[in-house]
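Q: Have a look at this one before I ask anything.
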Amino acid sequence: MTVVEIKSQDQFTQLTTTNAANKLIVLYFKAQWADPCKTMSQVLEAVSEKVRQEDVRFLSIDADEHPEISDLFEIAAVPYFVFIQNGTIVKEISAADPKEFVKSLEILSNASASLANNAKGPKSTSDEESSGSSDDEEDETEEEINARLVKLVQAAPVMLFMKGSPSEPKCGFSRQLVGILREHQIRFGFFDILRDENVRQSLKKFSDWPTFPQLYINGEFQGGLDIIKESIEEDPEYFQHALQ
């Protein structure tokens, strides 16, 4: 089974409606500017070759080239996965974590557990519905978690560490900062710190900042909600200047 690259909205509509009954449709939203998508594109290709079931369909969508499709699912960050079954969204993941993607695919498609061995790669962003940290994460040393944080804060030019996801924030401060980024039309990656206690606690020390959300630009800590608001008040072009 191969991944179908979406070229038009008509093609997307056809593939998500024609002979789609009882099929698990996996939508993969990506962008050329997002480095984590490179890893997940490779993972998706590898996994799709191992899934021989006729009831799974993989569609790859460039979020920038097809905004009309991205808007339908309120895509605010990439990589982003949407699992659809019988016309209903059954799960959404914003992640560059192969283990989380494969685990979700296994559960929803009843795929063989051996699929888990076909995807390996670095972790970066979050699974909106993850239940918690893995055993590997619990055993991380301080050096290992710091190395992971360095990768995470640089996973996208603008990285937001928040409670919840852009589509479902878990606190008012996170919701406000997402709104500010969208208002200024800033592309951003995000990490749901509620899903990973190691990241949640270690990032406070890493950033020397005790609360969330936290915003990073080009790998540099910018501040929390109040600091970002103040920065914009002082410089309306704050984001443009920070991204230079």
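Each residue, glycine too, has its Cβ placed from N, Cα and C.
Straight from Swiss-Prot, here's the annotation block:
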- K163, R200, F212, L225, D226: glutathione binding site (BINDING)
- C171: [2Fe-2S] cluster binding site (BINDING)
- 127-143: compositional bias 'Acidic residues' (COMPBIAS)
- 3-110: domain 'Thioredoxin' (DOMAIN)
- 146-244: domain 'Glutaredoxin' (DOMAIN)
- 116-143: region 'Disordered' (REGION)
Q: DSSP three-state call for D226 (glutathione binding site): helix, strand or coil?
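A: Going by the DSSP assignment, D226 (glutathione binding site) falls within a helical segment, counted as helix.
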Q: The domain 'Glutaredoxin' (146-244): mean pLDDT?
A: 91
Q: Could you measure between L225 (glutathione binding site) and C171 ([2Fe-2S] cluster binding site) for me? Cα positions, answer in whole angstrom.
A: 12
Q: Return the count of C-beta atoms lying within 10 angstroms of the C-beta of K163 (glutathione binding site), excluding that atom itself.
A: 18
Q: Which entry in the list of binding-site residues, C171, L225, has its Cβ near the fewest other Cβ atoms, using 10 Å as the limit?
A: C171
Q: Tell me the residue counts in helix, strand and coil for the domain 'Glutaredoxin' (146-244), as DSSP assigns them.
A: 49 helix, 21 strand, 29 coil
Q: What counts of helix, strand and coil residues does DSSP assign across the domain 'Thioredoxin' (3-110)?
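A: Final tally across the stretch: 43 helix, 29 strand, 36 coil.
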Q: At the level of the C-alpha atoms, what whole-angstrom distance separates K163 (glutathione binding site) and C171 ([2Fe-2S] cluster binding site)?
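A: Computed Cα spacing between K163 (glutathione binding site) and C171 ([2Fe-2S] cluster binding site) is 6 Å.
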Q: Consider the binding-site residues R200, F212, D226 and say which one has the Cα lying nearest the Cα of C171 ([2Fe-2S] cluster binding site).
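A: Closest recorded candidate to C171 ([2Fe-2S] cluster binding site) by Cα: F212.
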Q: What same-chain residues, at least 6 away in sequence, bring their CB to under 8 Å of the CB of D226 (glutathione binding site)?
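A: Looking at Cβ-Cβ distances below 8 Å from D226 (glutathione binding site), excluding near sequence neighbours, one finds none.
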